[in-house]
Amino acid sequence: MWVRAMELYGRLYRVVEPKRIRMNAALAQLQEKQAALAEAQEKLREVAEKLETLKKQYDEKLAQKEELRKKSEEMEVKLERAGLLVSGLAGEKARWEETVQGLEEDLGYLVGDCLLAAAFLSYMGPFLTNYRDEIVNQIWMKKIWELQVPCSPRFTFDNFLSNPTKVRDWNIQGLPSDAFSTENGIIVTRGNRWALMIDPQAQALKWIKNMEGNQGLQIIDLQMSDYLRILENAIQFGYPVLLQNVQEYLDPTLNPVLNKSVARIGGRLLMRIGDKEVEYNTNFRFYITTKLSNPHYSPETSAKTTIVNFAVKEQGLEAQLLGIVVRKERPELEEQKDSLVINIAAGKRKLKELEDEILRLLNEATGSLLEDVQLVNTLQTSKVTATEVTEQLETSETTEINIDLAREAYRPCAQRASVLFFVLNDMGRIDPMYQFSLDAYIGLFVLSIDKSHRSHKLEDRIDYLNEYHTYAVYRYTCRTLFERHKLLFSFQMCAKILETSGKLNMDEYNFFLRGGVVLDREGQMDNPCTSWLADAYWDNITELDKLTNFHGLMNSFEQYPRDWYLWYTNATPEKAMLPGEWENACNEMQRMLIVRSLRQDRVAFCVTSFIVSNLGSRFVEPPVLNMKLVMEDSTPRTPLVFILSPGVDPTSALLQLAEHTGMAQRFHVLSLGQGQAPIAARLLREGVIQGHWVFLANCHLSLSWMPNLDKLVEQLQVEDPHPSFRLWLSSSPHPDFPISILQASIKMTTEPPKVLLIS
């Protein structure tokens, strides 16, 4: 067994040993390879680590590159924005610096300027331009300087409290463009008290209606039965209210509104009107107008309201009439003018809005301005828009200047028409019944433009128009005037026309109106002709001698006493030769002054001759009243008023006219008096519908009913009366007769026929 085992072992050994040797060799080789592998793996690990490090560095560099690229782009954007900001604000810089400089200068005057503006707002409303300027410049400013209160030497109320854009809007809405009207507009809109506007020609009324029309304006008057209800609703919902046609007395019910008696209860603003509490809306605005030209309001009313005088001014009316005549003669010019005024106002408003938006964004900007995309974009858009608007404005303003130059050629027509209206307006001082509507006058002016002779030569056309309109005004007005006032009216027309053209010496004219009043007789030369020359006449001569063209007149009475006596006793001294050198030294006006000083009984003859010389003979030959023509000139909306003289009744003449025109069966006469008001109202209602003639006689006997009649006449303007309807009225002159009826009517005077007295 052992042998077998050894033999088997030997046999196996011989087989296994070589394999073991090879295995050991392979293991040794494997060990070497594994060592080499480990070494290679170590190297690979080191390389991988290095690669990872390089990759990280690469990624970091890429990120850094991207960051730098973004920063570069950001800087480019900021650089571009900076350029836009600089270019956008560069144009504003100079203007803003100038504005800041002006504001800093004004800031030093702010105390005095605010004091003047507050005083102007409080006290200047009732007065006309000349008095306003005198008070501000000659009294207030001097007193302020004496008290060493800083005040702008160039202070003007309209510049201090208004801006051109707002004033342009007012002009478009109907407010005249003169400084006086602008001041009134500021007082109405900026005053603490509600405005009570003296508005005889309805200028303020039209402006308020246009300005507040889109805001839900409510129009009321004290004759309306429901005016308080309308007022309460307006107060509650914040609507503007216009109370029109008030008289010198205001309803005490309005006191809470006038006093702004508002109480805060539980977070609500309440106003008590009568026994009713009304919630007060702060958007509520209240305007009051009166057609009275010279009202006398109580101190209480003056304290509760801001009284503002809107009586039309020559400058404002002249501009208005210029627009009318150019619109008729050169409509394309006036259309361009209107369009430009609107465009310029809109352009300036747009520029103001853009500037305000830029300043708002700059003020509200947080952080870097270069990062505010909205600011930069808005600024750029605003800059482009502002440039376009500025260019348009420059073009428009240049065009406007050229249009104004073309319009100026027609100014003599507007100036003449304006002067004549104020002559008409002044006649109301002679008699309270002489009231004339601006609208009716403008209608007459338009009629003159249409009917006057035309010419291709502009100067001739203007002369024809002025001549036609001047006589049209004379003819239109004469039927309104009593005979004793017609020569006065002609002379006023003549004098004002000469004054406007610079052909009238105002010192001499004022002497003619007032005469000579001697205040100090100690230095007066003794009367050399006491035997025939009264001291009162000598006073006239000594005062006349003080005028430039009359130096030496007193001495001539010593030199030529006999010649002066012959002239003085002449039956027609206005035609006789003046003594000495005075015959050749005096023109017609100066000759009138001598006649006025010595022979006042001949002044009317001098005036007549003066009018004939300057205007023509037809201006001293009043046309005969033709009631048929007057009736044809009227409309169903136009009352016809007879201004009565004692002992004259136009009823029979009116009845004859009714028979002649086929209206006798529809002609109703009612003499007003106690208890007649309901009948009169019924006749009017029926007449408007059925086309009757209604004659209400003796209106002065029913003055308490006149406000109701005024309301009925006002309703005619908005109703559609029968074409045949006519309202005839008669009244003796009375200061309480409604001005609005007189202004809306055609007026005629009735006087007894002249009787030739034979002695």
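Even glycines carry a Cβ here, placed using N, Cα and C.
Marked as domain 'Dynein heavy chain coiled coil stalk' by TrEMBL: 6-142. Residues annotated as coiled coil in TrEMBL: 23-106, 337-371. The domain 'Dynein heavy chain ATP-binding dynein motor region' feature in TrEMBL is assigned to 168-389. Here TrEMBL flags 636-749 as domain 'Dynein heavy chain region D6 P-loop'.
Sorting each residue of the domain 'Dynein heavy chain region D6 P-loop' (636-749) by its DSSP state yields 51 helix, 24 strand, 39 coil.
The helix, strand and coil residue counts that DSSP assigns across the domain 'Dynein heavy chain coiled coil stalk' (6-142) are 131 helix, 0 strand, 6 coil. The average pLDDT computed for the coiled coil (23-106) is 84.
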